[in-house]
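**Q** Pasting the relevant annotations from Swiss-Prot:
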| type | residues | note |
| --- | --- | --- |
| ACT_SITE | S64 | active site |
Amino acid sequence: MPPADHPPPEKMMFQLNLRRRGISDQRVLRAMDNVPRDAFVEQGDREDAWCDTALGIACGQTISQPFVVAYMTERLELGDDQRVLEIGTGSGYQTAILSRLCREVVTVERYRVLADRARARLKHLGYDNVEVLLGDGFDIPGEAGRFDRIMVTAAMEQIPEALTARLEPDGLLIAPVGPQSGRQTLILLRRAPAGMIRKELIDVRFVPALPGIAREL
């Protein structure tokens, strides 16, 4: 019989799948291992929490596929002393992963229900270097300052200059870019002295990023 602290089979497969699909950054893998995805999914989806699939949450949004979470996180090359902006809090799962790898996360959510739930969940689980804001991801207030890294977790037809202007020198931004329906492409931007360096990564499918704060929900 395995020891009491032996990971359940589904979590072992979760970890193995990330490695098989090319996730190699040990800090990212540890964060994916330590953040309990089952605490961020809907009650009825707990049995599927460790499956490599996106799951629905409130307000018609989703908690992203674990591979995509790990991939986007790895591509940001996060450091312990960095400040990160996340657009699209959702359940707070990606937020929690980021918080284990940097100094501070500011995350913006347009749905009050999701923002309130994520804030309470993250506080309960002890992720204390996170600030959850109800707001418009297309219009970040000036007092928020600039960030070393920016992650967008909803599809944009183009990356607004208002976001790239928030990047510190040598900062990185990752976002799904493309039509609101169908597939998008993950784009990685780096702020270089001569301007933005753009790199196309993998095809993905995200819910659309919408401007403004939701009047309902």
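Placement of Cβ uses the backbone N, Cα and C atoms for every residue, glycine included.
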**Q** Around S64 (active site), how many other C-beta atoms are within 10 angstroms of its C-beta?
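**A** A count of 25.
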**Q** What three-state class does DSSP give the residue listed as 'active site'?
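**A** In three-state terms, the residue listed as 'active site' counts as coil.
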